[in-house]
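*Asks:* Pasting a structure below so you can have a look.
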């Protein structure tokens, strides 16, 4: 199952994680982030009732299968400018102040029970080693060394809490899939990270980072499936989207389409997703706005 939004302890919008035979067309263009066109709901002068009903039906089907629609948004009221560029995310009434004015490192924890005990909302960042977690955090807060970046996979092996605007946390989780560690270390990572997901009541959402410069990786899909089955809300964040040309294999836009196709075949409702680049800043403001509406909905 996949939980798209979390409202304190209330679980909503649950969707069975089962294959589905019906395929939906993905309306996207990597080079033009304003890629989603909402079907227009307009009446015909000849037969207004029939045309309007058909248009509403088409729009509803499209929206439910492709877009992430937050609470407070009616499908019939959707317009193009409500969809964040480079994403499938609709902005609703819970979106608010999103800019980061101050950030401070709070602590590193080796176990979930050692994490901060206050009730501030948390948005966790997770991904394969060297997917760009630390770079994304530094991009979001616009400071170069808030999160330690390294070319050595598996550098971050603790749960790191950063307090933002004295009101919410960014949580930098250890990367998964690194090869140059012992099997015991991998087991420990799995145990304490999963413990964090399952027992952290203040967790609003997980940003699951996907490297757009490589084809879909089984370990990313396994992680997404595990999060879905355990009702952990997630947003797919495609990283390294500035690398428009492929040096080896397929282009990033082709890799993204391939990943989305697999997700559509396994999730009845597509989770929210967004394109980003820590180099160019692509998607930064849009992702922060999305994060704000998730936090505000959780905190109401």
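Glycine is treated like the rest: Cβ placed from N, Cα and C.
Annotation source Swiss-Prot lists domain 'EngB-type G' at 119-297. As annotated by Swiss-Prot, GTP binding site applies to 127-134, 154-158, 172-175, 239-242, 276-278, with the evidence given as similarity to another entry. The annotation Mg(2+) binding site is assigned in Swiss-Prot to 134, 156.
Show me how these features fit into the shown structure, please.
*Replies:* Counting Cβ atoms from all protein chains shown, residue 134 (Mg(2+) binding site) has 22 others lying within 10 Å of its own Cβ.
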*Asks:* Can you tell which of the binding-site residues (130, 276) has the fewest other C-beta atoms within 10 angstroms of its C-beta?
*Replies:* 130
*Asks:* Taking 10 A as the limit, how many CB atoms besides its own sit near the CB of residue 158 (GTP binding site)?
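*Replies:* Cβ-Cβ neighbours of residue 158 (GTP binding site) within 10 Å number 15.
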*Asks:* What is the total of other Cβ atoms whose distance to the Cβ of residue 127 (GTP binding site) is within 10 Å?
*Replies:* 24
*Asks:* Can you tell me whether DSSP puts residue 127 (GTP binding site) in helix, strand or coil?
*Replies:* strand
*Asks:* Once the DSSP letters are reduced so that anything not helix or strand counts as coil, what is residue 174 (GTP binding site)?
*Replies:* coil
